[in-house]
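Annotated features, as they stand in Swiss-Prot:
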- 23, 85, 124, 455: (6S)-5-formyl-5,6,7,8-tetrahydrofolate binding site (BINDING)
- 230, 249, 251, 254: K(+) binding site (BINDING)
- 230-235, 249-255, 274-277: GTP binding site (BINDING)
- 234, 255: Mg(2+) binding site (BINDING)
- 220-375: domain 'TrmE-type G' (DOMAIN)
């Protein structure tokens with residue numbers, strides 16, 4: 001449990017705005033409203049109704065601002081406690097003065113994510129849904145927002161609940177065999193246990209298989225644009241950004257520093273890095289830029305290898321291709337509007353896309369190829385699509401899966417029932433780490449510290 005005091009914080013961004021909101025949660029919100037909120041009509045505040053009035057300092061009788069106030073009676077509120085929200089004008093000083101006045105009434109300034117933490121501790125949401133709230137706030141694309149919304153709505157929690165139900169059913173049968181040793185353990189009972197575990201394992205494997213796509217949709221990917229000088233790397237960056245971000249000239253070696261920009265490609269957050277042209281150079285500054293380019297390639301999620309298709313495939317192209325051999329890359333043959341002058345080496349399983357940054361031909365196909373390099377599940381646009389997107393969830397689900405696999409092996413080996421029950425309890429505990437049922441307090445603190453104050 002937690003100290004059930006009354007907390008308050010500003011819930012809107014700092015600075016000028018149309019509206020500022022101060023949120024208060026706890027058992028004393030009505031007495032606070034009585035002390036500082038004045039309106040023309042008598043009577044108490046009814047739940048879930050807006051009231052117009054003014055915030056008055058009870059000591060000086062100064063009017064701080066005209067406001068709208070809404071009271072939400074627990075448990076029908078965000079935190080499941082009594083909640084008061086004060087909506088005032090959005091200037092920094094106005095909002096801060098009202099918060100200070102609220103704090104003077106015996107409330108405490110809320111910590112980061114403390115309102116959401118109370119919603120979790122009071123059973124309104126589980127930990128998966130709580131973490132999804134911050135993902136909703138931080139989403140940069142439609143697909144990452146949809147994934148976060150589905151998690152917030154409980155779709156992932158429902159899938160995890162199915163895993164838990166199978167483990168609980170198996171554990172109940174095993175413990176029944178332990179508690180009633182006089183009853184013979186029949187083959188049908190063991191088969192029933194195995195069937196429950198197999199269903200949970202299948203669900204776990206499905207969830208884990210979707211982690212890479214879920215993480216990509218949530219966090220995005222890094223894509224390096226690489227190639228020799230003057231093949232159109234900066235032109236491609238500008239084309240994908242739909243703006244002139246990089247200088248484009250006919251002089252080889254114009255780009256010497258890394259240029260980094262973020263763009264959305266088919267709903268996927270992509271960090272693009274335009275790099276210096278890779279070649280042998282006597283220029284010290286250019287050599288440093290080339291070194292930076294080569295250093296970025298191994299850590300990239302994807303490399304776009306740009307080739308000038310109007311020129312013969314050169315030894316410089318081959319040298320870059322050799323560097324890219326262990327990487328995930330797409331060959332982009334630029335200047336497709338000019339007659340092609342070379343034959344590409346055979347590259348099995350490597351997408352080769354012809355584009356023209358001058359005319360825009362092939363850019364849609366390139367964007368499709370970038371998206372499909374990471375997302376293979378066409379259900380990502382479904383209203384029911386849900387995926388594991390956080391490493392914490394993946395790690396806990398892997399622990400649960402490993403415990404179930406261990407149980408499976410021990411069951412076949414004829415191990416004692418007490419040992420089998422330990423495996424199932426381990427699997428159940430790992431599942432509880434995801435939803436927050438068995439999560440350590442220090443882990444909870446770290447999770448909610450990622451939130452802003454006021455949420």
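Just so you know, glycine gets a Cβ as well, placed from its N, Cα and C.
Given the structure is predicted, the values throughout are model-derived calculations rather than measurements.
Swiss-Prot feature annotations superimposed on the structure.
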residue : record                                              : Cβ contacts under 8 Å, 6 or more apart
23      : (6S)-5-formyl-5,6,7,8-tetrahydrofolate binding site : 8, 9, 10, 11, 83, 84, 85, 110, 115, 454
124     : (6S)-5-formyl-5,6,7,8-tetrahydrofolate binding site : 75, 78, 79, 80
455     : (6S)-5-formyl-5,6,7,8-tetrahydrofolate binding site : 11, 112, 113, 115, 116, 133, 134, 137
- Item | Neighbouring C-beta atoms (10 Å sphere around the C-beta of residue 276 (GTP binding site)) | 26
- Note on the structure: One finds that other Cβ atoms within 10 Å of the Cβ of residue 233 (GTP binding site) number exactly 31
- Query: Out of 230, 234, which has the highest number of nearby Cβ atoms, where nearby means within 10 Å of its Cβ, if these are the binding-site residues?
  - Reply: 234
- Task: Would you work out the biggest C-alpha to C-alpha distance among 23, 85, 124, 455, the residues that bind (6S)-5-formyl-5,6,7,8-tetrahydrofolate according to the record, and give it in angstrom as a whole number?
- Result: 19
- For residue 85 ((6S)-5-formyl-5,6,7,8-tetrahydrofolate binding site), the number of other Cβ atoms found within 10 Å of its own Cβ: 20
- Query: Which three-state DSSP class does residue 85 ((6S)-5-formyl-5,6,7,8-tetrahydrofolate binding site) fall into?
  - Reply: strand
- What three-state secondary structure does DSSP assign to residue 455 ((6S)-5-formyl-5,6,7,8-tetrahydrofolate binding site)? coil
- Could you find out if DSSP has residue 23 ((6S)-5-formyl-5,6,7,8-tetrahydrofolate binding site) as helix, strand or coil? strand
- Item | Local confidence of the domain 'TrmE-type G' (220-375) - pLDDT mean | 81
